Every structure is written in C-alpha cells, then in structure tokens.
Amino acid sequence: MANPLQVAAEVVSLQPAGAYHHLVLRAPGVAERVEPGHFVAVAIGGRDSATLLRRAFSIHRADEAAGTVEVVFAEHGKGTRELARVRPGDRLDVVAPLGTPFPVPSGPATALLVAGGYGSAPMFALAERILDQGGRVGFILGAATADRLYGVDQALALTPDVVVTTDDGSAGTRGLVTGPLAEAIAATGAQAVYSCGPMAMLRAVTEIATAHGARSWTAVEESMACGVGVCMTCVLPVVGNDGVSRFVRSCVDGPCFDGTKVRWSDVGTIPADVEGAAAMGVR
Amino acid sequence: MIETTAAGGAASTTQAVGGPVAAHQVDMTAALGRSSLPNPITTASGCAGYGRDLAKFFGLDEIGAITTKTIMPYPRSGRATPRMAETPSGMLNSIGLQGSGIDAFVAHELPWLAQRGARTIVSIAGERVEEFAESAARLTGVPGVVGIEVNISCPNVADRGLVFACNPATSYDVIRAVREVADPALPVYAKLSPDVTSIVEIARACVEAGADGLSMINTLLGMEIDTTRLRPALAGVTGGLSGPAIRPVAVRCVYQVYAAMRAGVMPEVPILGMGGIRSGLDALQFLLAGASAVSVGTVIFNDPGAPVRILEELRDALATRGFWRLADAVGAAHR
C-alpha cells in the first residue's frame, strides 16, 4: 500500500460522462504517488456531515505535472448524489492514494484489460504503463447499455484491439464481457488479463483466463467503512502464499488481487477452512 | 491572552472558570488512578486495528494511548460479509472479533508498537471466563502495555444472551478472574454496554470485582433492513451502532456512573469515556460528565488524523474556558 495523504483537494471540474460523472481534483502531493489500481476515499459533506463514511473510487488518471487526480463515479445513493453537486473551487477532504495497485509487467507483455461499466476507469493508465514497457494491450469493455459504457474512445486511442459488449446489444456485441474473452486470449496470446467490475464478472474472467493459461489480476468491489485498513469491514476469503485461507482486507491487501487466490464462490460466507472459522462454530 | 479557535467556541459566550490560559499552558495529563497518560486521547477498540495503518497518518506516541482491536486467545475469522451498514450520523458493524489470537499479537504487534513509543491498552475478550484470564495473563511484563480493557460487552458474539456486561454477576466473574491473574502493574478497565437497565449496577459490580477503571460505552445493538433485497443489511443480522448518533447515550452513561461515585453508591475509579466523539468539544462533554480520558472511535473512519486533531481542539477548548489542568474539568458538570 502506498503511503497515503489526507488533503483538502480543490474541485477543478465535474463533467458528465455518459451515465457517469468525471471529477478532476487538485490534490497536492497525491498524483506522484499514484499507481494504476490505487483508489481515493472522499469525505461527503463538511465536518458535521451526517454521512460519516467516505466514498471510495478507483483513480482514473493522475497527472503529476498538474497535481490532479481524476475519478469516474455513478450516482448510487445519497453520498454520490451529494458528490455530484460539487462545483469548481469547492474543497473535498480526500485520502489517497489507497490500496495495493495492479502489478505491471516488468518487461514487454501482452495483456487484455476487461471492464464492466465505469470499472474501466483505472484501465487506461494501466494500459499506458504496459505499452511503455514495450508490451501490447487489448480491451474488452462491457455494460448493460451503450450509455453505461465508459472510455471506448480512450481505449481506441491506445489500440485497435477493442471489443465492446452490451447486455441489450445497443452497442457492440450483445452479451457479457466474458463472451469474447477466450477467443481474445487465444488471438492475442495474452499472458495476463486485468479486470475491474462486479464480483461475478471478476470470478468469470478469472476462470476463463486461468483455463486459457493467462494470469488474472482483479480489482474487487467490497463495501468499506474506513478504506485505510483499520475497520475490517471489507474482507473477503483469499488463499495466502502459505496455502492458508484468511479473511483479508480489500482496502489495503487489495483491491487488486491475483484472481486465482480469491475464493469467489465463498465471498459472503465463512468457509470452514478459513483461519479462525472454528471459533465461529463453523466446522 | 485567551486563545480561541473554532473548536473552542467563542470566548465571549463561554463561562471561564479561571484566569486567561494559553493553550500551550494547559496541563493535559490524564490521571487514571495509580497510572497516568501524557494526554487523555486514546483510540477506541476496533477503530484503530493494531496501530500500523494509523501510523501512516500520525505518530502513535502523540496520543495518550492506542487501544487495540479486541484480541481473543485463539484465531477467529469473524463474521461473514456484509459487515457494515451506514446509518444517519453513524454506522452498524458486525465484524465479530476477527483476529489471529493473543500469541500472534504478543509476538508481532506489541513489539512493533513498543518500538514506536506507543502506549498500548490491550482490549481482550473470550467466550468463557477462563479465556479472558488466559489473554490477560499473557500480557504480564510485556513492554509498552499500559492497561487492559476487558471487552465484556461486544454485541457481535454468537449468543447475545451471554454478553457478560448485561448481568452484574457475570460481569463480576470476568473482571475478578482477569484482575486475579493480570500483571498487578497494569490497570484493568471494564468495558460496559449501554444496552442495560442500570449501567450503574453493572459498573459497581465491575469495580467491586477489582476493576481499576471503567470504559464506557461499547456500541449499541442495532439493525438495518435492506429495502431492496427485503433482507437484513448485515450478514450477522444485527450489529453494533457507533458514531455521533450514540454520543448523547454515552455522555448520559458517563454522567450517571460518575454521579453514583460522587454519591457514594459505588467506589470512585477513573472513567474512559467514548461514543461518537468527533471534535474537541465532544471530548470536553465527556470530561465534564466525569471521564478522565476519552477514546476516539468511528470518526477515525471519516478522518484518520482525528485523534491528534481532537487532542488539539480539546486543548484549545480547555484554555478558552480557563482550565489550567485537564483534571480540573473532570466531572465539572456535576458541580
């Protein structure tokens, strides 16, 4: 995990982006620490706000020269609705960068980047890193409908290998991002598949990638109260390098995990072999 | 001159109890019976982990003490997710005391804390009386430990009918067992639940059992139902309510128990006050109600630097009101 800062960030801009909002923040000292896959935790309202918990968002881009970080978010509830009302010049209390980023290949490698909805937000900076290393990238971007896709143009600016899927067929191929994945791995010879989106999607992507001989790196979504590693609300069962499964924190031990280490089918349960399950009466 | 800040409030509307005081002149020492802390701010158990992650935001030795997440004698996975639900001015948690157990804690976490000069209050729990005692005994002579908080009131245990702090007799049994085996040099604090008919009765039982102090309060048992899924929001169904929403309950509990001590209903011991503290003025309320020190909890999730911020706000608030010593504010609302 990066060494995070808590700063009063200035809102530079807030623009609509399809069904989402694109927020640019000037956050001194933060941008130079950001790696692809890091996230920010934004406080909602002022010091006396009744909305106590921060909202966490993947960092879309960080511009070291401008001192800015960018996030893409959807209005889900009262916190994000309030965030969607900020104006340029407003101040937001931000803690960033947080989390363990995606591992980036140290040399030339071919990678597929698979994302659902605005889960694509952190993928473009990641793709640039992989390209900088002399590698190749391809994208599979999916969403329920065409207006819920994010960043197709940004992907096309980086590579012609962009496949789009929508549930209703309103853009690209009708179906899920997992539909074209196996063929894309075979066609590109991808050694790694990076994914960001709903848990069910991450599980399916991991299974397909692994079955076709590619590493799978996933950025998980778990609701978290603190984002900094102290509250233990965002845990999920992960197999350690020692073979022992533990409930680990997605905020500091993740959000980016080796997909094969996450016990996707056991999320939301207490597996009998997870460390300490016996003390909960689980046998 | 009288220093004022936003936290301290407007001096012109504040009743000063002494002469003008500059903030840096206020003696912030927290007197806790036979022991003391350089200042009255600790972290509330469960809101600071074991300190490592918070150390990225402030020096752990800057505050009076770190109170750890509750530790059991053995590894415990905790509950299934979802473990958290946001509520107005607060949250519900249903963690279920996840941890690797006392041996791993003593081997890996306490030495790290001691190296950083942190003063550590270790929160312990068990399912049976003997398990509390087992953990307490393991802390004998360990550097950096300045107290034991006995969590007899966690709402996230398997059988909530067995929350020890809901019954004076079971509270007595646990505290007695811990006090008998714990290092005599370490004060033992009993952490009380507000979910009782008479918190004074429980507090008295704990002190009669040998508690050197009282921590109050733990979370309140609460529940949230997801109106989309039509199911309880937490996997554990119920959870512990914390945050500013519970502060009035916590201040009431501290006030009632301190009043009982003053009235001679029970022996006088120091109180660690906690529950929804978000600012220096919130902390001051607890002191005025009778707390000798305070714990900062859920606000850390909102503001990881809150413990040191609240310390400075409290210092300013005391100065503004003419207090030369923090100790002089303890229980002032009763006078």
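Quick reminder: no glycine exception, Cβ is built from N, Cα and C everywhere.
Among the candidates A:CYS251, A:CYS256, the residue that TrEMBL names alongside A:CYS226, A:CYS231, A:CYS234 for the [2Fe-2S] cluster site is A:CYS251.
Calculated from their C-alpha atoms, the gap between A:PHE57 (FAD binding site) and A:CYS251 ([2Fe-2S] cluster binding site) amounts to 11 Å. Between the two most distant C-alpha atoms of the annotated FAD binders (A:ARG55, A:ALA56, A:PHE57, A:SER58, A:GLY79, A:THR80) there are 16 Å. Annotated pair A:CYS231 ([2Fe-2S] cluster binding site) and A:ALA56 (FAD binding site), C-alpha to C-alpha distance, rounded: 14 Å. When the C-alpha distances from A:SER58 (FAD binding site) to the binding-site residues A:CYS226, A:CYS234, A:CYS251 are tabulated, the minimum falls on A:CYS251.
Comparing C-alpha positions, A:ARG55 (FAD binding site) sits nearest to A:CYS226 among the binding-site residues A:CYS226, A:CYS234, A:CYS251. Closest to A:CYS234 ([2Fe-2S] cluster binding site) by Cα-Cα distance, out of the binding-site residues A:ALA56, A:GLY79, A:THR80, is A:ALA56.
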